[in-house]
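What follows is one structure encoded as structure tokens, with my remarks underneath.
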Amino acid sequence: MDAQTFAKLNEWRNYPAQQQPSYADKRLLREITEDLRTRPPLVFAGEVDQLTRKLAAAAAGQAFVLTGGDCAETFADSTADKIRAKVQTILQMSLVMSYGASMPIVKMGRIAGQYSKPRSAPQESKDGITLPSYRGDAVNGFAFTHQSRQPDPRRLLEMYQRSATSLNLIRAFTQGGYADLRQVHLWNQGFRNNPAFSKYETIASELDRALRFMTAVGADFDSIKTVDFYSAHESLLLEYESAMTRVDSRTGKLYDTSAHYLWIGERTRDPESAHVKQAMQIANPIGVKIGPNTSPQDLLRLIDLLNPEGVPGRLSFITRMGVGNIRKVLPGLVKAVEETGNPVVWISDPMHGNTITSVSGYKTRRFSDILGEVEGFFQAVREAGGIPGGIHIELTGDDVTEVMGGSQDVSDDALAERYETLVDPRLNHQQSLELAFLLTQYLAV
Ligand SMILES: O=C[C@H](O)[C@H](O)COP(=O)(O)O
Ligand SMILES: C=C(OP(=O)(O)O)C(=O)O
Ligand SMILES: [Mn+2]
């Protein structure tokens, strides 16, 4: 690596980095990041560029992005069954959505690397004992003991290994025929038992007819049975992201090879933050989460820093305002950005602005608030002259009870039945499919 590239790679070190673990053993951290630097990349520059082109299509209204997966992946749950269920859920949603939108869906998972979390509070207290907060399996353990809550750099290696094995399986599923349209359609038949099915019967039978028509005219399903599926996670642990950054031999540019797509969280998106400085140096498509206190100036500055050349697909803004704020705050932001002519992708995260504590004490969200924010997002972006480009949600393929409501009407009392997330509540399989059906009404224009 030449001196100039090396300087770029380390530029972030000159700026304040929030939400970083403080490791007791700095030497061990160095040994581990040195080791990571020698490991093969998890994703390849060519794939990353292909994703950027697909995101460019979303910015232009010719594709729509679906990102879904856990709030916090865990090492223990990075199993074949759980990964399959998540990928299956995303493929099922995407079939329904692409029918509704009559356009391709860009499929991304918060998967194969979503192992670290920013937290509102650095510490957690229970029964008079105060310990560091859980920051994701890549940092420390969830168990509430002194030992488990200490940040351990060896977990970064485990993150790499788990990401690699997850991605290997995802590649096998999505390239090996598992994503065949007919198969995905068959899975969707399970939704017929959902209490809300009658509301969506028309679209479900239209989709059924469309596929039968394709079969009748001899469509070559075999030639379209692989799908492109991209990995995404929050770029939070800068030592890890930096250690996974490689020079692309074709172009000499830096790519963070830990995932195809990286986003910067609401808590670390300050233009002068190490997180933004790190993202400036890499060629991956970047998302920035934006909450209700974002100003138009913030966005213009982020555009200057992260996409000064206006490369379509390079930058997305992921709005997470809350159902009560989205219509008030978003139109002004969209207007200001659209006036610059810079091609950003507007993506809705209807989860993070709608987190509440239920009466029974669970961190949860209401399905109705999530839908309300999605609706507000489509209206606000269109009203202000922008193009709604995608949705970013926390989901799992399992029948958990973490989000209240939906057609199966998960009640406050029912949350206790299968509340499994370690950080934020996720839509379960049925709630995710229901959201996909509901989205079709906003996607069809
Ligand atoms: O996933 C997002 C954040 O990490 C999470 O909402 C923060 O949660 P906390 O407020 O429980 O720390
Ligand atoms: C931490 C997250 O979101 P935000 O930065 O929007 O709070 C997340 O996506 O899990
Ligand atoms: Mn979350």
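One is the number of the first residue shown, and numbering goes on along the chain from there.
Just so you know, glycine gets a Cβ as well, placed from its N, Cα and C.
The secondary structure of ASP424 (Mn(2+) binding site), as reduced to three states from DSSP, is coil rather than helix or strand. Summarising the annotation, TrEMBL assigns Mn(2+) binding site to CYS71, HIS352, GLU394, ASP424.
Around ARG320 (phosphoenolpyruvate binding site), taking its Cβ as the centre, 25 other Cβ atoms fall within 10 Å, counting all chains. Annotated phosphoenolpyruvate binding site per TrEMBL: ARG110, GLU266, ARG267, LYS289, ARG320, in sequence order.
Comparing CA positions across the binding-site residues CYS71, HIS352, GLU394, ASP424, the one lying closest to ARG320 (phosphoenolpyruvate binding site) turns out to be HIS352. Here the Cβ of ARG267 (phosphoenolpyruvate binding site) has 17 other Cβ atoms within 10 Å, regardless of which shown protein chain they belong to. Shown in sequence order, MET351, THR355, THR421, VAL423, PRO425, ARG426 are the same-chain residues outside CYS71, HIS352, GLU394, ASP424 whose Cβ sits within 8 Å of the Cβ centre of the Mn(2+) site. Among the binding-site residues ARG110, LYS289, ARG320, HIS352, GLU394, the residues whose Cβ lies under 6 Å from any atom of ligand 2 are, in sequence order, LYS289, ARG320, HIS352. Within its own chain, HIS352 (Mn(2+) binding site) has GLU266, LYS289, GLY291, ARG320, ASP424 as residues 6 or more apart in sequence whose C-beta sits under 8 angstroms from its own.
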